[in-house]
Amino acid sequence: MFHNFHILSLSTFPYLVFMGSFGLTTSIVVFFKYGFWYFFILNLLILIFISFCWSKDIVMEGLSGYHNFFVMDGFKFGVVLFIFSELMFFFGIFWTFFDAALVPVHELGQTWSPMGLVLVNPFGVPLLNTIILLSSGVTVTWAHYSLLSNKDCFFSMFLTIFLAILFTGIQGMEYVEASFTISDGVFGSIFYLATGFHGVHVLFGGLFLFFNLIRLLKSHFNYNHHLGLEFAILYWHFVDVVWLFLFVFVYWWS
Amino acid sequence: MASMLPRLVLRPVQRTAVQTSRNSSGSFYGQHEFDNFKSTLAGGLKPAEATTNTWKKIFFISSIPCLLLAVYAAKSDHDKHHSKPRPEFVEYEYLNVRNKPFPWGNKSLFHNPTENYVPGVGYEKEREHH
């Protein structure tokens, strides 16, 4: 009988992703215990390859016409759930930060930030990074609306990705130039955990946008149907919001 | 004859804002979308173009100057910090914690020889002065 659902063909990719993730966590433990990192790199490459294969399948299904509006709504709901799970992940990290910072422990000198740590001036490089991320939000909105008005959006997407690379590079330089490390007490630990995971998310978001640019150049999108790009933009806005929280509480308030 | 040409500018249909999205995706293509196929398909193009130009102006007129100001602020902050000597290092017990050695040795992943203090050795390199 007629229905609007897209019945997928059988595929092993979900199972392979499961095996890959299991191997990833195990190989990280092996690395921490024995210093042997080759399994980790191998596993990472395998997972990247599988995700390329699976994404290719989804793209081809979309181009074959299986993605009617009903299916598109399902995708949107799924991505909202995914971003919510990422939000919960950062929520936990921020909980740790506030738990450590609001009532500083006696050993740290009962002040936050702990004594002996020379913090980064928030109105130097971190402010630059904030402006970079906000500008990339502007360019990505520009890109989305120009696609919605059936115009070419290559330049705005290129600017967005360029700003993303700029942010990642500057954060890397900041990591090298910082005077404190991850082993410097609870502040160092939570600082590098929060900014490190955020940096990985920026990297992922930038790559997602880059692959959408490639799809754009291959004319996969039209002004009505460009879900991949919409998801990348939503993810990018999420990353931007997390950075704003990081900047205000971890950099400025500390 | 001219009146038989299709109107090129569509006014929004019974809504406060023109959208290209549907009333519902439900189980079938909705009646409203069927009746108003052209406006749901093409009705959002002109407003989207106006918004595109708005965001483009925001980028070039306000984003780029803000970026340049922030670059100047970061540069002057960096120079200010490097013009002063390094602060005296006080060996608090919660700094440079090593409950378990790093898998790759004693130094942290982003170890900076001129900025990070190694316990027992001190700063490994002096800062270069420009």
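Just so you know, the numbers here start at 1 and follow the chain as drawn.
Using the three backbone atoms N, Cα and C, a Cβ is placed for every residue, glycine included.
Curation does not apply to TrEMBL; its annotations are automatic.
In TrEMBL this protein carries:
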- A:1-254: domain 'Heme-copper oxidase subunit III family profile' (DOMAIN)
- A:12-30: transmembrane segment (TRANSMEM)
- A:36-54: transmembrane segment (TRANSMEM)
- A:75-98: transmembrane segment (TRANSMEM)
- A:118-141: transmembrane segment (TRANSMEM)
- A:153-170: transmembrane segment (TRANSMEM)
- A:190-211: transmembrane segment (TRANSMEM)
- A:232-253: transmembrane segment (TRANSMEM)
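A Cβ distance under 8 Å defines the sequence-distant neighbours of the transmembrane segment (A:36-54), meaning residues of its chain 6+ beyond its ends; these are 11, 13, 16-17, 20-21, 23-24, 26-28, 30. Long-range contacts of the transmembrane segment (A:75-98) within its own chain (CB-CB distance under 8 A, at least 6 residues past either end) are made by residues 67, 190, 193-194, 197-198, 201, 227, 230-231, 234-235, 238, 242, 245, 249-250. Tertiary proximity for the transmembrane segment (A:12-30) is limited to same-chain residues at least six positions away from its ends with a CB under 8 Å from its CB atoms, namely 36, 39-40, 42-44, 46-47, 50-51, 53-54, 57.
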